[in-house]
Amino acid sequence: MATQASPQYCYNSVKWIPVLFILAIVAWSYYAYVVQMCIFTVDSIPQKVIYLCIYHLLLVLFLWSYYCTMFRPAARPTSEFYLSKTEGEQIAATQTSEERRAALLRFARQSNLPLLTRHFDGSIRYCFVCQCIKPDRAHHCSTCEKCVLRYDHHCPWTNSCVSYGNYKSFILFLGWALLFCTYVSVTSLEYFIQFWQSTINAQKTGDSSAITARQFHLLFLFFVAVMFGISVSSLFFYHLFLTGKNRTTLESYRAPIFESGPEKDGFDLGWKRNYQEIFGINLLKAFIPIPTTRGDGIHYQINSSLLSDASQTAFNSIPTFNRSNNQFNSVNNDHNYLLIDNLTTQEK
């Protein structure tokens with residue numbers, strides 16, 4: 001038993017190497033900025049205080065977001081989406097795609113599952129590994145070996161699935177990391193130039209004693225801050241773009257398939273509502289990594305202007321919806337629940 005667990009333990013340990021690398025860089029940069037630059041290099045005491053206060057504020061927000069991205073549990077499909085062992089064996093035993101499609105449709109109707117998206121062949125999306133019917137925008141992560149709601153991608157730098165549960169904290173992690181790196185590079189630029197010039201002069205005169213360890217710390221501090229700032233900025237602005245379009249990384253490469261066909265902007269509700277879906281409506285809470293993402297990760301509104309047939313179906317047949325009893329619409333009327341929030345808002 002121990003022999004079988006050993007390779008898995010080693011594999012799980014290796015996955016933490018990128019995280020440890022980032023934490024090591026942050027720990028060294030803390031020493032270089034706080035000790036070597038602010039304490040030993042900056043002469044003005046008010047300047048030291050201002051630099052240190054802003055630095056620690058950005059560092060706390062950055063590490064807080066990073067921690068939440070790593071350790072906030074990934075939301076998984078609820079129990080009604082999982083098939084029993086017998087039902088899973090029945091799906092696995094189907095001989096043709098038509099039989100499997102009919103069986104999955106039957107199970108989805110029996111459980112009254114709200115489903116908008118389909119497999120590329122038009123069938124209900126199903127995970128053979130987890131033996132569950134996939135909710136809209138959910139996918140199986142091969143690294144985590146489980147299905148995850150609103151799956152975006154698996155990030156090796158956080159050793160976690162970026163998905164419904166931690167997508168907000170992931171974007172904040174990128175944003176605060178970019179701001180943190182920008183602040184460090186801007187405030188250290190003056191001393192980087194000074195020590196770079198002194199290093200060049202020392203090399204010309206051959207006086208190696210003029211080059212100190214402090215100079216190397218500040219030289220590398222600036223280079224590392226700029227390098228990480230550039231690499232993080234591309235990811236940050238890309239995910240801001242995806243959020244504005246209400247897409248995941250996976251959906252940007254492979255459009256979700258609705259009953260009417262593939263539609264990359266099927267979940268696009270307009271940039272304002274798209275951002276509110278992730279960050280909430282409270283502006284202050286939007287910038288700190290606390291849960292404000294709206295919805296439950298299973299039910300999503302659609303772009304009615306693009307998917308007009310689905311919207312018309314919903315208007316023609318609006319079912320009874322009971323949130324307290326967790327009664328959702330069946331797969332026959334799987335567009336109808338999208339109108340509930342809109343109708344409730346209009347009534348208020």
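Glycine is treated like the rest: Cβ placed from N, Cα and C.
What TrEMBL lists as domain 'Palmitoyltransferase DHHC' is 124-254. What TrEMBL lists as transmembrane segment is 16-42, 49-67, 170-193, 218-241.
For the domain 'Palmitoyltransferase DHHC' (124-254), the number of residues in each DSSP class (helix H, G, I; strand E, B; coil) is 80 helix, 16 strand, 35 coil. Note on the domain 'Palmitoyltransferase DHHC' (124-254): mean pLDDT across this stretch is 90. In terms of C-beta pairs under 8 Å, the stretch of 49-67, 170-193, 218-241 lying closest in packing to the transmembrane segment (16-42) is 218-241.
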